[in-house]
Structure formats: C-alpha cells, structure tokens
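Trainee: Handing you a structure now.
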Amino acid sequence: MNEEQRLGRNGNTDAVSTKEAGSATKDYSKYFDFSNAKVVSEEDGKKVIKIAGREISIFDQPDYKQGKRRGKEEVKVLRPDDLIPEDMKTIGAGKKFLVRTYGCQMNIHDSENMAGMLKEMGFEATDETTDADVILINTCAIRENAENKVFGEIGNLKQLKREKPELVIGVCGCMSQEEGVVNRIMQKHQHIDMIFGTHNIHRLPHLLRNALFGKEMIIEVWSKEGDIVENMPRAREGKTQAWVNIMYGCDKFCTYCIVPYTRGKERSRRPEDIIQEVRDLARQGYKEITLLGQNVNAYGKDLADLDYGLGDLMDEIRKIDIPRVRFTTSHPRDFDDHLIEVLAKGGNLVEHIHLPVQHGNSEILKLMARKYTREQYVELAQKIKRAIPNASFTTDLIVGFPNETDEQFEDTLSLVREIEFDSAFTYIYSPREGTPAAKMKDNVPMEVKRERLARLNALVNDISAQKNLEYQDKVVEVLVEGESKKDPNILAGRTRTNRLVNFKGPKSVIGDIVYVKVTEAKTWSLNGEMVEMAEVNG
C-alpha cells in the first residue's frame with residue numbers, strides 16, 4: 001500500500017526529519033534483554049513474566065521468521081455468529097471508547113471493524129481521550145516517523161492512566177507485529193494493557209475481557225496469518241465512501257518493505273462475499289467504494305478452485321448501481337491486460353490509476369526486488385494510457401535508497417518527465433528493521449538525499465500544475481466529501497480522476513455528487529463554483 005494512502009491523499013513530503021529519513025537510527029537491541037524479567041508461570045500455552053512490578057501474560061509474540069514463511073496451509077473462510085461472548089455484550093454500557101488510527105486505508109478498515117465490535121459490546125464512541133474508558137491505538141509500521149508518533153502518543157497516555165487506573169489502553173496494528181516494538185512496550189510502557197496484531201482483530205472481545213478482569217498486560221500477536229473472518233461488525237465513518245477489503249497480505253517482499261511481515265501471505269476473499277458487500281453498500285446509498293488490498297492486482301491467484309482475478313471482479317462490480325469504484329494499491333507485476341480491458345469500459349470505474357514505480361533506474365529496482373525494469377514499467381504505463389486516454393496517472397517514488405548514485409537519481413527524474421505523472425508521492429527511504437534493505441550499507445549523505453527530494457518535488461509539482469491547468473474553465477463531476485480542512489465555509493470533494501476541488505456551496509450537498517466549474521487551477525487542487533447537482537444521486 002502506497003504512502004499516499006498511509007499518510008493522506010494530498011501532496012508530497014518536502015519536510016523529512018533526519019531520524020526518519022537517514023540510515024537506520026533505531027536500536028531496539030536493548031529491548032531484547034530480559035535478564036530483569038522473572039518468569040511467574042508457564043502453562044496451557046501462556047507464559048506469565050514480571051517486569052518492574054507488572055505481570056505480563058504472553059499468549060503469542062511476534063516472530064519475523066514465522067512472519068516471512070509462506071506455507072501451503074489452507075486458508076478457511078469463517079463466518080462466526082458468536083464473535084461477541086454473551087458475558088461481553090453489555091460490558092460497555094455507559095462507557096466510551098476511542099480508536100486512534102495511524103496509516104493506510106487498510107488500518108481505517110480494521111479500525112471500523114474494532115469500533116463495530118466495541119459498539120456491539122455497548123460502548124459509545126468518543127473523540128476525547130479523557131472521556132474514554134477504552135483506547136485502542138491502531139499503528140502503522142511503514143516509516144520510522146509513523147512509529148515515533150505512536151510512541152509519542154503512548155507516552156502521553158501515561159499520565160491519563162495514572163489518573164484513571166481503570167482505563168484500558170491497547171496497541172494493535174502493524175507495529176504490534178514487530179518484535180522490537182513489543183519488547184519495548186513490555187519494558188518501557190507498562191501502562192499499556194494489551195497488545196494484539198493484524199491477524200487476530202476478531203479476538204478483541206476476548207482480549208478486552210482479559211484486560212478488564214485481570215491485572216496483567218495481555219500480549220497476543222499471531223506471527224502467522226489466520227483464516228479469513230467474514231461477518232465482522234463494522235462501524236463505518238460516514239455514509240458516502242466505503243472501504244471494501246478484497247484481500248489480505250502481500251507476497252512480493254520488496255527489500256525495503258515491512259508489510260509482508262506484518263500482514264502475512266496473500267489471501268483473497270471469495271468474490272461472492274465481496275459482491276454482496278458492494279451491493280449492500282449500494283442499497284445503503286454509498287456513492288463511492290474503494291477496493292482494498294496490499295496488492296489488489298494479486299487478487300484471486302490463491303483461489304485454487306477459481307480462475308478469477310481482479311479484472312473479473314471489477315467487471316462484475318461495474319454492473320452494480322454505485323456511482324464510483326476505485327481500487328488500491330496496485331503492483332506493476334500483476335497489472336494484466338484483462339484488467340486494463342475492463343477498466344477501459346468506464347462507467348462507474350473511475351479514470352484514476354495509482355501505480356507505484358518507486359524508482360526510475362533498473363539497477364535500483366532490482367535491489368528493491370520490484371521484479372520489473374524501467375522499460376517494462378514504461379511499456380505498461382503506455383498501454384494503460386492508450387486504453388484509457390483520459391485517465392489520471394499517479395505513482396510513489398523513493399529517493400535515497402542505499403548507495404543511489406547521481407546517475408540513478410537522474411533516471412528517476414527522466415522517468416517522471418517521460419510518463420508525466422499527474423502527481424506523485426515522494427519520500428526519502430526509511431529503513432525498516434527486519435528487512436533486507438535495512439542491512440545494506442549506505443554512502444549517500446543525508447544532505448544529498450534532501451537535495452534530491454527537493455529536486456524531484458519541484459519537477460513533480462511543475463508537471464502537476466501543468467496538468468491541472470487543463471481543467472481551467474471546465475465543468476467537472478465532484479463527490480462532495482465535506483468541509484475544507486482550511487476553511488469551514490468552503491466545501492471539498494474529488495473528481496473521478498482524484499483531483500481535489502474546493503468550492504462554495506450549501507452544506508446540504510455533502511455526500512452528493514455535483515458539477516463544479518473550475519475557476520482556478522493550482523498545483524495540488526482546483527477551485528471552482530458549483531453549477532448543479534448530478535443525476536447519479538438518485
């Protein structure tokens with residue numbers, strides 16, 4: 001999943017901290033020393049240890065070696081009707097919860113599931129930490145900066161825990177799948193009550209019960225992915241846009257990426273379950289869905305009984321009465337001709353392709369284990385543009401990969417000029433503990449990396465501004481998402497090509513699709529005037 005979805009949909013990142021962007025500065029080795037821990041008991045698959053006065057019940061801990069293994073075990077589809085134990089169905093009556101989400105849309109999707117379970121247990125949502133009885137921090141491990149923010153929040157909650165000792169604080173998500181992170185929390189953040197990972201979200205009611213009725217810190221992090229759990233409660237944010245997960249995990253193992261370790265192997269949902277979910281959302285009046293996966297283009301490859309891929313799925317979904325359908329994130333290796341053919345049919349399949357390239361030099365791409373060359377990417381991009389000539393084409397780019405030369409960086413600049421991306425999300429490489437790239441020696445000074453990022457951003461911004469000028473004085477279809485973050489008197493929404501549009505209009509059109517005439521084209525957004533409502537609102 002790309003950095004655009006992880007960190008927000010607008011803009012690139014000019015400011016990068018030295019700690020975040022430099023060579024690996026994190027040293028978690030000290031957190032692997034448990035000489036000060038006392039083993040209290042070991043039985044029935046549970047180990048209880050005591051550190052600095054607090055007992056910790058360990059059911060499962062993260063293990064990178066286990067997380068990397070890709071076995072041939074059958075992945076079952078579970079449809080439980082008893083996710084919430086009987087004694088937990090009213091445990092939250094009169095209490096409130098807060099789920100803080102960092103990272104990508106997949107994390108937002110997971111947080112919606114957790115919120116759904118908490119609501120079924122009687123809890124009420126709140127945005128205020130001081131009002132919450134349960135706080136869950138759903139974490140992102142893709143960059144060091146994201147981890148630093150999480151540990152900052154964990155530290156800030158320590159005083160609140162002192163004031164409200166009955167408060168339950170849980171840490172979940174991708175960071176929980178990292179060995180060093182869990183060890184650090186055990187030793188340095190003992191006000192945390194439970195830690196669980198990405199594979200056992202459905203176990204939240206049981207883990208919460210242990211945390212509420214026991215005094216120990218609860219740790220249950222499955223290193224190996226589990227089965228696919230359907231029918232999970234979900235509390236979606238809003239009634240306009242919805243995330244629909246179509247698959248889990250990633251098997252690409254790019255050398256810089258932690259996701260295959262934290263999200264497990266690729267597992268596809270059954271197409272009938274996905275289609276039914278989309279139909280339900282259409283009946284509820286949703287205007288846009290985004291099909292989610294770490295690598296959506298690999299969808300269906302693990303379904304042994306079906307010859308069915310992403311193109312087949314989208315060909316069925318395009319017939320459902322929902323105005324807009326998006327998908328993210330793609331990998332160039334799996335973007336096949338059938339998918340291009342289906343996308344070219346248009347209709348509710350929007351004209352926006354986000355296809356992360358990461359670098360413009362074939363040697364660097366090989367070091368990244370992307371398994372394609374620059375030439376192959378260009379050929380694919382041109383094929384897509386020929387089939388969908390009005391499509392917006394965006395990407396992700398990394399600068400400062402270990403030992404990147406000036407010539408190799410120039411190849412990235414020339415690729416941006418050749419493809420003319422409508423926008424790109426650009427980053428200085430951030431080493432991830434446990435990945436092959438983190439072990440590579442790097443002789444590129446940080447000031448050089450920063451200068452390269454600035455040059456790349458200047459080029460991307462220039463092309464983006466030119467592309468946006470093409471919208472000047474044109475009328476575009478906009479899905480109104482809400483008030484502008486900068487001005488509550490201005491509404492904001494997106495075109496089918498994913499351009500941000502700001503305009504004045506009545507609050508009553510939030511959630512609807514309207515037509516807007518573009519009056520000003522800026523680098524990263526468009527300004528306009530509302531013309532009329534669109535017929536697709538029904």
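Glycine too: its Cβ is placed from the backbone N, Cα and C atoms.
From a predicted model like this one, the values you see are computed outputs, not experimental measurements.
Below are the features listed in Swiss-Prot for this protein:
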- C104, C140, C174: [4Fe-4S] cluster 1 binding site (BINDING)
- C250, C254, C257: [4Fe-4S] cluster 2 binding site (BINDING)
- 95-213: domain 'MTTase N-terminal' (DOMAIN)
- 236-466: domain 'Radical SAM core' (DOMAIN)
- 469-532: domain 'TRAM' (DOMAIN)
- 1-23: region 'Disordered' (REGION)
Trainee: C-alpha of C257 ([4Fe-4S] cluster 2 binding site) to C-alpha of C174 ([4Fe-4S] cluster 1 binding site): distance in Å?
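Mentor: Between the alpha carbons of C257 ([4Fe-4S] cluster 2 binding site) and C174 ([4Fe-4S] cluster 1 binding site) there are 12 Å.
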Trainee: For [4Fe-4S] cluster 2, what surrounds C250, C254, C257 with a Cβ no more than 8 Å from their Cβ centroid?
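Mentor: Not counting the recorded site residues, we get K252, F253, Y256, I258, V259, P260, Q294.
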Trainee: Measuring Cα to Cα, how far is C140 ([4Fe-4S] cluster 1 binding site) from C250 ([4Fe-4S] cluster 2 binding site) in Å?
Mentor: 16
Trainee: If H, G and I count as helix, E and B as strand, and all else as coil, what does DSSP give for C174 ([4Fe-4S] cluster 1 binding site)?
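Mentor: Helix, per DSSP.
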Trainee: Using the structure shown, find which entry in C174, C250 (the binding-site residues) has the sparsest Cβ neighbourhood within 10 Å.
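Mentor: With the binding-site residues C174, C250, fewest surrounding Cβ atoms within 10 Å: C250.
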Trainee: Just checking, which of C104, C140, C254 (binding-site residues) has the fewest C-beta atoms within 10 Å of its C-beta?
Mentor: C254
Trainee: So if I draw a 10 Å sphere around the Cβ of C257 ([4Fe-4S] cluster 2 binding site), how many other Cβ atoms end up inside it?
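Mentor: Cβ-Cβ neighbours of C257 ([4Fe-4S] cluster 2 binding site) within 10 Å number 22.
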